[in-house]
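Straight from Swiss-Prot, the features:
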type	residues	note
BINDING	10-17, 23-24, 62, 89-92, 100, 116-117, 187-188	substrate binding site
MOD_RES	14	phosphoserine
MOD_RES	118	phosphoserine
MOD_RES	132	phosphotyrosine
MOD_RES	133	phosphotyrosine
MOD_RES	135	phosphoserine
SITE	186	site 'Transition state stabilizer'
């Protein structure tokens, strides 16, 4: 029997998604398409008459702005919002800023898929000479992190390892207390939550593609186990095309 509902949404397309670049912790803006996706997400949530009590997002503007757009479009901008680096996208290390298709052509599609989708193999680390090192590693928003917490690269396993404690300590207790939760985050941090909820294998989570800007709804029991498969708020064709587009990102052109 379902007792709780959780809604999650991956941010709308960013300017770097549009350019097919590894984004990670770089603070890219929403593209025009991404802003429209966020508005459609807001409309889908409004049409479903969903209300929330508390919201969670990352410290990256593409997720924050997606959340703002949803809250604005559903007239819930007054809701409390918790921002945390633990819901950030996976840190793509030395690949940050590179075009995915060009990287696939140079290193091979299999290598890019390993870097993007393997569970425990991280990409090359971001060193101090990297053009985006200062704008990420020396950013004021991360000044409060403890020694060893700020990554230079992450595998999916690493991403889940820093996202799940926040889920367990902060989000899950709110849901169990009856709060209606909305999470606006990123493909890989959300993948970690999905893996945890569904008990998915490492291999299965590698193949899961979450579309941008389409709300994901879970019905959960008292133990926060899904009572039904995840469902998307949107028509089937839109959802299918979006998931195919995500899967095609690491292929050479």
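Keep in mind that glycine also has a Cβ here, set from the backbone N, Cα and C atoms.
Annotated features taken from Swiss-Prot, shown on the structure.
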{"residue": "10", "record": "substrate binding site", "Cβ within 10 Å": "29"}
{"residue": "14", "record": "phosphoserine", "Cβ within 10 Å": "27"}
{"residue": "16", "record": "substrate binding site", "Cβ within 10 Å": "21"}
{"residue": "24", "record": "substrate binding site", "Cβ within 10 Å": "27"}
{"residue": "90", "record": "substrate binding site", "Cβ within 10 Å": "29"}
{"residue": "100", "record": "substrate binding site", "Cβ within 10 Å": "26"}
{"residue": "132", "record": "phosphotyrosine", "Cβ within 10 Å": "15"}
{"residue": "135", "record": "phosphoserine", "Cβ within 10 Å": "13"}
{"residue": "186", "record": "site 'Transition state stabilizer'", "Cβ within 10 Å": "27"}
{"residue": "187", "record": "substrate binding site", "Cβ within 10 Å": "21"}
### Distance check against residue 90 (substrate binding site) for the recorded positions 133, 135, 186, keeping those with Cα within 10 Å
186
### Pairwise CA distance, residue 16 (substrate binding site) versus residue 186 (site 'Transition state stabilizer'), rounded so that it is a whole Å
13
### Message
Can you tell me which of the modified residues 118, 132, 133, 135 is spatially closest to residue 10 (substrate binding site)? Compare CA atoms only.
### Response
118
### Message
Between the Cα atoms of residue 118 (phosphoserine) and residue 24 (substrate binding site), what distance do you get, rounded to the nearest Å?
### Response
15
### Message
My understanding is the cutoff is Cβ-Cβ under 8 Å with a sequence separation of 6 or more in the same chain; which residues meet that for residue 13 (substrate binding site)?
### Response
30, 31, 33, 34, 37, 212, 213
### Message
Can you tell me which of the recorded positions 14, 133, 135, 186 is spatially closest to residue 24 (substrate binding site)? Compare CA atoms only.
### Response
186
### Message
If I take the Cα of residue 186 (site 'Transition state stabilizer') as reference, which of the modified residues 14, 132, 133, 135 has the closest Cα?
### Response
14
